[in-house]
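Undergrad: First the structure, then my questions, so here it is.
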Amino acid sequence: MAIISSRDTGQNAEGPKRRQQKSSAWRKEVRELSFAGERGADPSALLQPQAHPGEAQEESLRPRTLAEYIGQTELKEVLSIAIAAARARQEPLDHLLFYGPPGLGKTTVAAVLAAEMGSQFYMTTAPALESPRDIAGYLVRLKRGDVLFIDEIHRLPKVTEELLYPAMEDFRLDITIGKGRSARITSLPLERFTLIGATTRIGALTSPLRDRFGHVQRLRFYEPHELVQIVLRTARLLNVSTDPEGAAEIARRSRGTPRIANRLFKRVRDYAQVRGDGHISQEVAAAALELFQVDPMGLDWIDRKLLTVLVEQFGGGPVGLETMAAVTGEDPQTIEEVYEPYLLQIGYLQRTPRGRVVTPAALRHLGYEAQSPLPLWS
């Protein structure tokens, strides 16, 4: 198959004041530690689930088949049935829409589906499809069974989206020729193809577009044992000696996200090479991740800043999103799409009709006294 593409460790015994005092020393040490290939990388971006420059091109780490794909068991079962049925009928797959937080493998699943079907895989993003001619350029060259993958599909311009409706439903491309009263529509037949869309904001899709997908599937956060398998697989592919305990230490701090797990693994690998003998043990992994202020629950200094501001300035909440963004200096969309999903997942933050509220579990993790059940992944 061809692919064509357009702060502090957060120890529970420490309070917020002590963690703040360690910040400058941490930043100095991170700057001085030269990591192979990524000198000057921003350590605060380690836990952001969005792809960093160059990461999306690392095809060697991507699974090629459903059998190689780790995790998402229910999704794989649904897709294996769809693939078998399409093969039996000798038909292309129905259109598919994948949604969920970033970094969970939506692009990878799309590429795996194309490989399983023996199809050509065309990949683009909605922001790159600014005008109808952009999407038309893809549609007219698709052959029967080819897969067109559109990432961030919720960001499609309206005129481009409307061009997709007849293409998805009737496999035709409606082109308007001329302007004003002399304008006319010419329809071009298209080969039967499969459109796969990916989005982190399924609620932002219009109903007409969403309803044209035959499969709408959600990708969930990964369990720690699944991330351990992913880390060990990456270690084998990169030929890095790694203990299962070292892989587990990385996995439990990876926020349920494979992209973050692989990113943290590479930083731990660099640390082991510079500060040790190249072998990743539990002790080496913990020391490396503590250097980057990724604590045992997978929180970094920005996560802790968000929670601490809610506690110290607003008594734990409730606080509206815009207010929280103004006080912390973070973009509201970044808070909502990057940081909140994981904090909600582990039970450290709650959304209420009146705003965001810090939970007792988060208070205890930050070093404040609180009586509550243990967090979900403790």
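Cβ atoms here come from the backbone N, Cα and C positions, even for glycine.
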Undergrad: Going by Swiss-Prot, LEU61, ARG62, GLY103, LYS106, THR107, THR108, GLU169, ASP170, PHE171, ARG212, TYR222 bind ATP; tell me which of ARG255, ARG259, ARG263, ARG267 is listed for that site too.
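TA: Site partner of LEU61, ARG62, GLY103, LYS106, THR107, THR108, GLU169, ASP170, PHE171, ARG212, TYR222 for ATP, according to Swiss-Prot: ARG259.
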Undergrad: Please list, in sequence order, the residues in the chain of GLU169 (ATP binding site) that are at least six apart in sequence and whose C-beta is under 8 Å away from its C-beta.
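TA: Expected: ARG212.
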Undergrad: What does DSSP call TYR222 (ATP binding site) in the simple three-state scheme?
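TA: Where TYR222 (ATP binding site) sits, the three-state DSSP reduction gives coil.
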Undergrad: So how far apart do the ATP binders LEU61, ARG62, GLY103, LYS106, THR107, THR108, GLU169, ASP170, PHE171, ARG212, TYR222, ARG259 get, largest Cα to Cα in Å?
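TA: The widest Cα-Cα gap among those binding residues is 37 Å.
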Undergrad: Kindly report the helix/strand/coil residue split of the region 'Head domain (RuvB-H)' (296-378) according to DSSP, in that order.
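TA: With helix first, then strand, then coil, the region 'Head domain (RuvB-H)' (296-378) has 43 helix, 9 strand, 31 coil.
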